[in-house]
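Q: According to TrEMBL, the phosphate binding site annotation covers Ser13, Arg55, His56, Ser88, Ala89, Thr188. Feature annotation from TrEMBL assigns substrate binding site to Met187, Asp211, Tyr212, Asp213. Annotated domain 'Nucleoside phosphorylase' per TrEMBL: 7-241, in sequence order. Summarising the annotation, TrEMBL assigns site 'Important for substrate specificity' to Ser168, Val224.
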Amino acid sequence: MGNRMMIGVIGGSGLYGMDGLRDAEWRSVDTPWGAPSDSILTGALDGTPVAFLPRHGRGHVHSPSSVPYRANIDALKRLGVTDVISVSACGSFREEMAPGDFVMVDQFIDRTRGRATSFFGAGCVAHVSVANPTCARLSAACAEAARATGTRMHDGGTYLAMEGPQFSTLAESRLYREVWGCDVIGMTAMPEAKLAREAELCYACVAMITDYDSWHPDHGEVDVTAIITTLTENAARGCKMIAGLPARLEPDRPPCPCGCDRALEHALLTAPGARDADLVARLDAVAGRVLDPPST
Ligand SMILES: CSC[C@H]1O[C@H](OP(=O)(O)O)[C@H](O)[C@@H]1O
Ligand SMILES: Nc1ncnc2[nH]cnc12
């Protein structure tokens, strides 16, 4: 295996576009899962193809609960993306993970509810492993690229994914921090990370810290106005980090050492003759490699 690298960037709150792309063009992409959050900005960075999708749409129209996560992942895969960098504004549960710092998230606790969490279902059942939900190779490249911009980067952290849109209560904030041992909190990385794994995409999650949620005795409650100030500065460094990625990744991508690009290899349970034709058709981009392998 091995195919040409294309970087996909899912921009979170505060990151709605990307400067510096050669031949930049906003392209509208249709998917069997509906419309993605917005058109997708395609172009090239140092000769590497890049696709940028603002998670909440330009103008921030989608709430964390209304983001069309399946359409977003499908659209990126359909365009040829191999490596997804998810960039998110997050609260911090650790004194040392201060506003302005970045954290390479490597684990999640999923407290979202009511979101479509899988491409698979009745008529085509699959179970992928998300024991290690992020790609260590891609995360290491992001960490190095971020440090080169002067950003304080923390390697590894557990992200509590909450439903929102309200921020946590003080009791929840203390529970996540003191009992569950979480490091950061946000509202969007789930089910995004699970869906990226189902689509056999490498996925790295960069948490850009904006606040201390509500647990910190010296920082009071979270409020969006304060978050926006930090978020704008974080987003500028996030873009610089992305610009440093092509030089740190191999363009003729060898198979991922973590196996992200082979996640579906032993995941499908439904027998070929028992599969639902409509669902299989919808899975063309996400799972075509295993559902409809090229004849030899
Ligand atoms: C702006 S505060 C809350 C908002 O910010 C984060 O969005 P994203 O993860 O897309 O950067 C958080 O998850 C909430 O959606
Ligand atoms: N404290 C917080 N909780 C949830 N999502 C966030 N995004 C930024 N800060 C956050």
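Even glycines carry a Cβ here, placed using N, Cα and C.
Since we're looking at a predicted model, the values are computed, not measured.
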Q: Near Ala89 (phosphate binding site) in space, meaning Cα within 10 angstroms, which of the recorded positions do we find among Ser168, Met187, Asp211, Tyr212, Asp213, Val224?
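A: The recorded positions close to Ala89 (phosphate binding site) (Cα within 10 Å), listed in sequence order, are Met187, Asp211.
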Q: From the centroid of the CB atoms of Ser13, Arg55, His56, Ser88, Ala89, Thr188, the recorded phosphate site, which same-chain residues not already listed sit within 8 A by their CB, in sequence order?
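A: Near the phosphate site, the remaining chain residues are Gly11, Gly12, Gly14, Leu15, Pro64, Val87, Gly186, Met187.
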Q: Do any of the recorded positions Ser13, Arg55, His56, Ser88, Asp213, Val224 touch ligand 2, in the sense that the CB is under 6 Å from one of its atoms?
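A: Near the molecule: Asp213.
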Q: Among the binding-site residues Arg55, Asp211, Asp213, report those whose Cα falls within 10 Å of that of Ser168 (site 'Important for substrate specificity'); none is a fine answer.
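A: Near Ser168 (site 'Important for substrate specificity') by Cα: Asp213.
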Q: Among the binding-site residues Arg55, His56, which residue has its Cβ surrounded by the fewest other Cβ atoms within 10 Å?
A: His56
Q: Of all the Cα pairs drawn from Met187, Asp211, Tyr212, Asp213, the residues the record ties to substrate, which distance is largest, in Å?
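A: The span, Cα to Cα at its widest, is 15 Å.
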Q: Which one is it: of the recorded positions Met187, Asp213, Val224, whose Cα lies the shortest distance from the Cα of Ser88 (phosphate binding site)?
A: Met187
Q: Can you tell me which of these binding-site residues sit near ligand 1, meaning the Cβ is under 6 Å from at least one of its atoms: Asp211, Tyr212, Asp213?
A: none
